[in-house]
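Undergrad: OK, TrEMBL features for this one:
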{"type": "TRANSMEM", "residues": "20-38", "note": "transmembrane segment"}
{"type": "DOMAIN", "residues": "44-157", "note": "domain 'FZ'"}
{"type": "DISULFID", "residues": "49-110", "note": "disulfide bond"}
{"type": "DISULFID", "residues": "57-103", "note": "disulfide bond"}
{"type": "DISULFID", "residues": "124-148", "note": "disulfide bond"}
{"type": "DOMAIN", "residues": "220-527", "note": "domain 'G-protein coupled receptors family 2 profile 2'"}
{"type": "TRANSMEM", "residues": "222-247", "note": "transmembrane segment"}
{"type": "TRANSMEM", "residues": "259-279", "note": "transmembrane segment"}
{"type": "TRANSMEM", "residues": "309-334", "note": "transmembrane segment"}
{"type": "TRANSMEM", "residues": "354-373", "note": "transmembrane segment"}
{"type": "TRANSMEM", "residues": "394-418", "note": "transmembrane segment"}
{"type": "TRANSMEM", "residues": "438-462", "note": "transmembrane segment"}
{"type": "TRANSMEM", "residues": "498-520", "note": "transmembrane segment"}
{"type": "REGION", "residues": "560-674", "note": "region 'Disordered'"}
{"type": "COMPBIAS", "residues": "572-586", "note": "compositional bias 'Polar residues'"}
{"type": "COMPBIAS", "residues": "652-664", "note": "compositional bias 'Polar residues'"}
């Protein structure tokens with residue numbers, strides 16, 4: 001009744017004062033624990049029996065407790081905050097069993113290792129029954145974790161006599177005798193809402209801290225500027241490659257066309273890292289909330305739209321770039337081993353594009369469905385596998401290793417095939433030099449791609465091997481600050497080196513720069529000069545390397561049967577005592593014969609036309625004979641020459657024109673650049 005009067009008017013009494021205090025505490029939930037005697041309480045690291053520091057649990061039959069308690073509070077400070085709403089109820093003495101029951105849960109008696117004493121169910125039922133009316137008055141409910149059905153069915157006070165005997169024996173033992181390992185406990189500052197689905201160190205509803213948990217702020221600032229500079233360099237190189245392709249889209253055909261798409265992929269990768277440099281940690285990290293005791297934490301999942309977009313672009317084009325490199329080795333293999341032409345390879349372009357864009361797209365969708373996005377508070381972007389080792393293993397390491405294995409195998413087979421052509425087929429020295437230069441270009445380009453990629457794979461493997469050691473070291477260094485259990489029996493501690501992460505980011509970006517090596521040539525300089533002068537240079541003649549490698553004798557050598565004897569052919573010269581001419585000479589003769597045939601037809605038409613007009617009485621006209629034929633024939637032609645020309649045309653042997661392999665097309669533009 002007096003409690004109701006306290007709400008109706010100002011009643012000056014200790015009872016009303018307690019009611020007011022209780023209401024303020026309930027409305028503010030958890031407040032500062034300055035009123036609690038916690039001066040002697042420090043965060044535990046060895047899980048020994050420790051003195052009770054909770055004010056509510058003073059003057060009990062026992063004076064030592066252990067943590068974590070029965071409600072999974074990992075230290076007495078956390079337990080004190082959780083007990084705060086019950087203080088007015090204990091002061092109001094709504095039940096004599098409430099205080100020992102609460103202390104049995106929040107500060108249980110310390111017993112020997114492995115033994116826990118639970119309060120009896122009767123103690124819980126009496127406390128709940130006696131204080132139910134007061135709880136209903138203030139709209140409170142009995143906590144679910146304190147449900148009475150969870151306790152043993154007995155009717156004894158707490159602590160029991162046997163508990164006190166065990167407790168006395170325990171206090172005489174060494175504190176090390178009761179050490180326990182409870183694993184990682186998520187600090188209060190790093191806890192997040194359950195609906196976000198965060199996970200950190202195997203604990204749900206927990207997130208990694210921001211800034212990075214391994215490095216200092218000055219180290220992170222240096223790393224961010226380093227990544228920004230490298231991303232600008234890579235972006236410039238890949239953008240130059242792509243723009244060179246746009247100036248003359250017909251220049252790069254298969255099998256070298258995948259280099260352009262490869263450059264586009266790493267252009268997007270470098271662009272994302274550059275955006276991460278500009279955004280710093282505004283996307284990769286969640287903002288701190290001091291009013292809710294929340295520290296800045298790493299973004300996870302797809303709830304952050306900007307982080308999700310950065311992840312999709314970065315992961316998709318990273319995987320697509322590696323797939324395009326594999327496709328590049330496939331096209332080289334098809335051109336070098338089965339001798340596919342450029343047109344034949346280009347017919348498979350739809351399949352190449354479906355694989356290069358479809359496989360990374362499928363992996364990206366799977367990761368989005370699994371909600372495995374993680375913010376990178378070093379580079380400022382969002383990626384996968386930064387804190388989840390299993391995701392790193394299956395969605396990053398496995399695809400990259402598979403691409404390296406397939407690509408290197410096809411590349412080696414293609415180089416061996418080209419080397420066999422160089423060694424077994426006698427070519428002119430000029431052709432030999434061009435082929436050697438082309439093989440050198442393939443080798444250098446492949447090394448410039450594989451060395452950074454293998455370095456990235458090595459960094460990921462090293463990071464995966466030592467990730468648990470780094471995490472244990474971090475927990476051991478920060479457990480007292482966060483008031484969480486410290487690791488038990490740590491065998492090895494080690495912090496990661498910043499150089500390792502800088503090397504990883506450097507190689508991720510540098511892997512896109514080799515595309516400049518392929519387009520870098522004199523012809524590229526001429527094309528850019530013509531572009532800036534506002535005109536397009538039209539080649540009046542075939543490029544030197546194209547002319548050499550498109551000659552039919554070289555093409556026939558590549559396409560010949562291994563059992564067919566080799567007949568050395570050259571341009572207009574004979575070898576081995578024969579007078580055999582190159583097919584190119586036959587092509588020239590065929591053009592000359594066709595020119596003569598056209599001239600004969602023109603002259604005969606003019607001659608018959610003049611005769612027909614003379615028969616009709618009109619004067620003969622020699623205009624047709626004076627006109628210059630379209631193919632530059634002689635202006636006058638007698639009957640003997642006409643008949644001999646016709647005989648030459650009719651007796652001309654059929655000429656077979658053989659197209660060269662697509663390797664001719666690969667070297668044709670930039671053969672001299674090596």
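Every residue, even glycine, has its Cβ placed from backbone N, Cα and C.
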Undergrad: Count the residues of the domain 'FZ' (44-157) that DSSP assigns to helix (H, G, I), to strand (E, B) and to coil, and report the three numbers in that order.
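TA: For the domain 'FZ' (44-157), the helix, strand and coil counts are 52 helix, 5 strand, 57 coil.
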Undergrad: By a simple count of other Cβ atoms within 10 Å, which of 110, 148, the disulfide-bonded residues in the record, is least packed?
TA: 148
Undergrad: When you check the transmembrane segment (259-279) against the transmembrane segment (498-520), do you get at least 3 Cβ pairs under 8 Å, counting only pairs 6 or more apart in sequence?
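TA: Counting Cβ pairs under 8 Å (6 or more apart in sequence), the transmembrane segment (259-279) reaches the transmembrane segment (498-520), since there are 3 or more.
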Undergrad: Report the nearest neighbour of residue 148 (disulfide bond) in space among the disulfide-bonded residues 49, 57, 103, 110, comparing Cα positions.
TA: 103
Undergrad: Where residue 49 (disulfide bond) and residue 124 (disulfide bond) are concerned, what is their Cα separation in Å, rounded?
TA: 25
Undergrad: Would you kindly check 309-334, 438-462, 498-520 and say which stretch has the most C-beta pairs under 8 angstroms to the transmembrane segment (354-373)?
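TA: Comparing 309-334, 438-462, 498-520 against the transmembrane segment (354-373), the winner is 309-334.
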Undergrad: Return the member of 57, 103, 110 nearest to residue 124 (disulfide bond) in space, with distance defined Cα to Cα and candidates limited to these disulfide-bonded residues.
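TA: Its closest listed neighbour, by Cα, is 103.
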Undergrad: For the transmembrane segment (309-334), what are the same-chain contacts with Cβ under 8 Å, counting residues 6+ beyond its ends?
TA: 254-259, 261-262, 265-266, 268-269, 271-273, 275-276, 283, 340, 344-345, 352, 355-357, 359-361, 363-364, 367-368, 373, 381-384, 399-400, 403, 406-408, 410-411, 413-414, 442, 449, 453, 508, 511-512, 662, 666
Undergrad: Just how many other Cβ atoms lie inside 10 Å of the Cβ on residue 124 (disulfide bond)?
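TA: Counting Cβ neighbours of residue 124 (disulfide bond) within 10 Å gives 23.
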Undergrad: Specify the count of other C-beta atoms within 10 Å of the C-beta of residue 57 (disulfide bond).
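TA: Residue 57 (disulfide bond) is surrounded by 23 other Cβ atoms within 10 Å.
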Undergrad: Where among the disulfide-bonded residues 49, 103 do you find the Cβ with the fewest other Cβ atoms within 10 Å?
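TA: Among the disulfide-bonded residues 49, 103, the lowest count of other Cβ atoms within 10 Å belongs to 49.
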Undergrad: Taking just the CA atoms, what is the gap between residue 57 (disulfide bond) and residue 110 (disulfide bond) in Å?
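TA: Here the two Cα atoms lie 13 Å apart.
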Undergrad: Take the C-alpha atoms of residue 103 (disulfide bond) and residue 110 (disulfide bond) and report the distance between them in angstrom, rounded.
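TA: If we compare the Cα positions of residue 103 (disulfide bond) and residue 110 (disulfide bond), the gap is 12 Å.
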